[in-house]
Each structure stands twice: as structure tokens, then as C-alpha cells.
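Visitor: Here it is: the structure, laid out below.
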Amino acid sequence: DTTPCGESCVWIPCVSSIVGCSCQNKVCYQN
């Protein structure tokens, strides 16, 4: 299951990657 992190990654990387979020389909998701 993937949970949206409420962040977009169209122009910049996911800042929320520090809490385990990654970019999928231009939106940051937590795996």
C-alpha cells in the first residue's frame, strides 16, 4: 500500500523522502 505524502515532485524532488516518501507519477508516496 502507498500513502500520499501530500507533496508533488513534478519540479523538485520529494522533501518528504527523509521520512520514507518517494516519487511516483509526479506525486510523493510513502511505501
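Using N, Cα and C of the backbone, Cβ positions are placed for all residues, glycine too.
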Visitor: Cys23 pairs with which of Cys9, Cys21 in a disulfide, per Swiss-Prot?
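Guide: The record-listed partner cysteine is Cys9.
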Visitor: To the nearest whole angstrom, what is the C-alpha distance linking Cys21 (disulfide bond) and Cys28 (disulfide bond)?
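Guide: Approximately 6 Å lies between the Cα of Cys21 (disulfide bond) and that of Cys28 (disulfide bond).
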